[in-house]
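Reading through the structure tokens given below for one structure.
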């Protein structure tokens, strides 16, 4: 009881005891003395920095899915963040990480919060470890770490889960305790065992995934540090201890001599080979992909090359991104294949669309690859196929085209739509407008007699609009007498055999619009009195015109029926005429109908040519009557004319047009305008209310894009056909003003200006610049050039001397002139005297050396104003202008000689003079060539194997200092020359190491800055090296016998080969004299058989067998014989046929 009371005090107040069966992953309640849980920490309650919610460390069961979520505060970020996920410190998770890893990002614009998610499907033990999320936005960078722990289901030795033991223990505790006493919160047996095992495993593994351990075990020691850095391993000492322990436990694979690499990577569409090498070629081998056995096909090709087993995967797709396994007996090796998808580019981007509510919309984009993954976003929110079943849209793939379809678009579907691939994106805007229904023909009031037909007709702008007819507020239903029809834009209500009860107000109400059309039906009662006497004919007209002139107006294309009531006794005869034309036909487009006392003139589908004055004449014996009706045919106007763009700007254009020649019989009330991008088929309306002027400025255009525009005319009847499209035009703006306008030079009549290009040029480019100037005291700007100049500099000529002039420069392009760049102060046109000064280049301040035949080209700049006088002299005398060419400009002088001669050497003086001021400079030129040969080459003395050679310098040094001499010797017998000394400074040398008994000649070349002389100086005498007396006594020796009998240094070895593959038998033999070699098979000598090729290369004997078969198996021997004996080597050759697996279908 005491124990129960203590436990009750520690239990939280107001909470029930724990249930009998708690889930396995639930941890027991923490004691009150421990730190508060993580969700109650100050960091969780009051997040600071960019992370509103940091990613949580999770523990996941092997094979389950997990999601890591983080939330970022957009207010702390300067731009949209770039988020990267890392495993360890440096291993970035991305497309190379496999299909199990996926990433999702979303943005809540209202709260400016970014939500990023990492999805891992089917977690494996290798996913365990430390992870890191990194956020970058321009210069901002932050990161946060978390951990993923992977648990595998554990079982005891009997195969029963320890969870059952936990439940039984809990049951005992509950049954043994009183019902009012809460169960003590103590760790269960399973939790204690798991914590101990986990702690021990974590200590052993150091948090490093198993595949990294496998990589480390197979790597060299020198690569440990690189692998640890690559995968973020910081505890190098613990890693080395763990590897040392593992090295002892490593057992060499009995089946594999070379396993698969840990991972492979291939580009989508390419092929890859997975190679494994086995110890025994007869062992059976199987390949698996994600646990499913792979069968041979055109996709998967199996190859056997010796002990190598190769799996070739052709045309890799994303479905081949998987784990692969090869099994030999009980041994396995694994690898993972990553398929890299090439960047998908957008070939045809989305286009802006403007539609009405209820229309069908298709937004299409074409990409560079079939089957590519494409993401659709609307206002930054992803549109998925899962959501499409709930919404009104659907996503469709047609080869390389991806289509977003709205069957009936609504107002909430408008917005900005974006398509993203892994290498490109595009965006377009969908504009949805409410439909505006226009009434083209209203219902007219009718007055109908008994038994006649009443026709109510109206015409609206939309053919798809339906509606209902009402009589005095009650819906009219079709019957035998009443017919309701809808043909195109025309709605009709026809009442046959009109009765008095049909009189009333009739209304047509279009479905979906707050609009109604009303008219009244009047029933006319006619009382006929019998008058036995004759009555002259009378025409009774009922026209809509209120003037004295009877007139009828009809819309072109509509049917016209003129029903004229006539009276008279006897019944008169009616005749219809238009001017002199009499109508008598009862059939056709224009016809006459006679029905009782009514004569009808009918025109089907009225045309403009039907307009005019019509006359009806009725006659009977009692007299005649004549009436005229003026028929006016009204129509939609003709299209506007002369539509053109008169001016454009950066994002605007001014459109001008002429009114239509024919207004359709009704005044033009305004115009509708549309525009589109050139090459597109989508026209966008620019106004929904009619525009009454004939000049319109279109805005919100993109600079550098070609557009076309068209105009519709509108009158009371309807909208005309579109006008001709304008010529394609491009919104462009003039450039900004040129920059940094300065005056570079001024003379008595000219001024040279310099400037820099405008800061903003735009899509129109720049054609050039115009320069203008204004004389002080005048407001007129005078153009200095008629054609634009392209370079940023210009010299204005013919200016009045002494005048003060202001200059300005404007940039010109197709859009017109830019704002001018004007000098701040006027410039006085007067040349400033500047003292002459020669700026002698550095290389001419010392003697200028050139070779004979080369050209002399000296460019010497100078300064001085006005233009100075330049004079060249040599030794005080003028230079020869026939040989030396001199060209002088305003700022430099050029001294040019096409082919230099030694006579051109000397000192030249350059004088630059302005009036009594002058400056001089001296230029020293030396023209050099190769020196002549040395003179008087003599052998002065010979001693031992040495000879002293002397000579004199050449007579002509080539106008250059002699830098050295080249000395050569030649044996008198062969006369082959060999160099003894190079660049010998003195005029003598000692030649050593001469051969006794030989006689030598010597020759010497002189060398200067141009190289060696063309001819050498040859010695006139020779140096003879005399032999000294010597006696050679040969030692006596006994000749050695080198003969040996044949002996095999390398014997033949038994071989097992595969049938069909070339085989070779090798051995090595030694013997002197060279032994004769004979090859035998089964004691029979192998002779001229093309299947066998025998070679002997310095004692190495080879027998090549071409494509052996089982018949070639047997005992092969090689016999070597010479005069001292013979030797024999034998081996056995076994030829095996590879086993083939039979496949039964």
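Just so you know, glycine gets a Cβ as well, placed from its N, Cα and C.
Among the residue ranges 68-96, 97-125, 126-154, 155-183, the one that TrEMBL annotates as region 'Disordered' is 155-183. At the 8 Å Cβ cutoff, the domain 'Fibronectin type-III' (639-735) and the domain 'Fibronectin type-III' (933-1028) share fewer than 3 close pairs (sequence separation 6 or more) and do not count as touching. For the domain 'Ig-like' (537-627), the mean pLDDT of the prediction comes to 81. Residue counts for the domain 'Ig-like' (1046-1134) under DSSP, helix first, then strand, then coil, are 3 helix, 58 strand, 28 coil. Residue counts of the domain 'Fibronectin type-III' (639-735) by helix, strand and coil are 0 helix, 39 strand, 58 coil (DSSP-based). Per DSSP, the secondary structure of the domain 'Fibronectin type-III' (737-832) breaks down as 0 helix, 45 strand, 51 coil.
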